[in-house]
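Listed in Swiss-Prot:
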- K68: active site, proton acceptor (ACT_SITE)
- S17, K18, S19, T64, N89, D105, Y215: shikimate binding site (BINDING)
- D80, G130, A131, G132, G133, A134, N154, R155, T156, R157, A158, K159, M213, G237: NADP(+) binding site (BINDING)
Amino acid sequence: MHALPRYAVFGNPAAHSKSPQIHQQFALQEGVDIEYGRICADIGGFAQAVSTFFETGGCGANVTVPFKQEAFHLADEHSDRALAAGAVNTLVWLEDGRIRGDNTDGIGLANDITQVKNIAIEGKTILLLGAGGAVRGVIPVLKEHRPARIVIANRTRAKAEELARLFGIEAVPMADVNGGFDIIINGTSGGLSGQLPAVSPKIFRDCRLAYDMVYGEAAKPFLDFARQSGAKKTADGLGMLVGQAAASYALWRGFKPDIRPVIEHMKAL
């Protein structure tokens with residue numbers, strides 16, 4: 001057995017993840033020592049990797065692309081947020097041996113936009129690009145902030161329409177998207193391989209904030225495109241990452257970290 005409480009992030013890829021550094025900063029705030037690692041699970045091997053992790057003393061896990069919807073099905077019970085999202089980014093090991101699934105992505109995104117970037121969501125028009133687990137995970141919390149309108153656009157229109165029906169929002173084909181959006185959020189994973197969403201530069205003409213859910217170099221192609229196309233402000237997903245991580249940490253340990261100094265620490269690395 002491991003002497004320290006042990007946590008990890010599961011993804012494919014996982015080597016780029018900054019989650020270990022973030023959670024170590026939270027542990028410093030709490031005044032405890034923890035282990036936090038990266039686990040690159042094979043496609044098709046996620047459930048076994050999670051099972052092995054918890055059976056060998058794991059206490060909690062974060063889940064990133066492409067496993068968030070698989071994590072939902074793996075969990076034995078779910079929070080209301082996870083049920084609404086149909087996707088899980090946080091797994092909590094319970095004392096009776098069951099696994100609880102939660103979704104803190106929406107909290108991380110909304111807190112970063114409203115509290116760190118100081119842009120209200122209420123009354124705004126929002127465009128979501130992508131229809132995977134990451135996007136589905138943030139819609140319930142975005143709706144709680146009462147935007148005037150949420151539109152979802154995806155390369156595969158059927159997936160966008162499925163989410164639109166589920167959450168009572170609008171869906172349009174990516175190629176048909178025009179301007180008129182205050183906040184544009186990229187939830188596609190194309191940036192990880194340098195690809196841009198297939199949208200017109202015109203969509204950014206009224207944009208107050210263009211936001212990419214990924215961070216660092218992976219966000220650069222989309223944010224450069226948005227900036228050059230007229231977006232007034234751009235942001236990568238580092239603040240969202242720190243915010244969702246803080247909510248996960250609180251679920252595992254009952255300690256709520258202060259995210260602002262951790263965001264600044266991560267920017268300085």
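Cβ atoms here come from the backbone N, Cα and C positions, even for glycine.
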(request) Select one residue from D80, D105: among these binding-site residues, choose the one with the most other Cβ atoms within 10 Å of its Cβ. (result) D105
(request) Take the C-alpha atoms of the residue listed as 'active site, proton acceptor' and K18 (shikimate binding site) and report the distance between them in angstrom, rounded. (result) 18
(request) Look up N154 (NADP(+) binding site) in the DSSP assignment and reduce it to helix, strand or coil. (result) strand
(message) I'm trying to understand the geometry here, so how far is the Cα atom of S17 (shikimate binding site) from the Cα atom of M213 (NADP(+) binding site), in Å to the nearest whole number?
(response) 13
(message) Cβ within 8 angstroms of the Cβ centroid of S17, K18, S19, T64, N89, D105, Y215: which residues besides those meet this for the shikimate site?
(response) V9, G11, N62, L241, Q244, A245
(message) Going by Cα-Cα distance, which of the binding-site residues (N154, A158, M213) sits nearest to K18 (shikimate binding site)?
(response) M213
(request) May I ask which of the binding-site residues D80, A131, G133, N154 is closest to D105 (shikimate binding site) if we compare their C-alpha atoms? (result) G133
(request) Run through the Cβ atoms and count how many others sit within 10 Å of the one on K18 (shikimate binding site). (result) 17
(message) Neighbour count, 10 Å Cβ-Cβ cut-off, for K68 (active site, proton acceptor): what number do you get?
(response) 26
(request) Measuring CA to CA, name the entry from the binding-site residues A131, G133, N154, A158, M213 that ends up nearest S19 (shikimate binding site). (result) M213
(request) Give the distance between the Cα atoms of T156 (NADP(+) binding site) and Y215 (shikimate binding site), rounded to the nearest whole Å. (result) 24
(message) Tell me which of the binding-site residues S17, T64 sits in the most Cβ-dense spot, judged by other Cβ atoms within 10 Å.
(response) T64
(message) Just to be sure I understand: of D80, N154, M213, which binding-site residues have a C-alpha no more than 10 angstroms from the C-alpha of T64 (shikimate binding site)?
(response) none
(message) Tell me the Cα distance separating G133 (NADP(+) binding site) from N89 (shikimate binding site), rounded to the nearest angstrom.
(response) 9
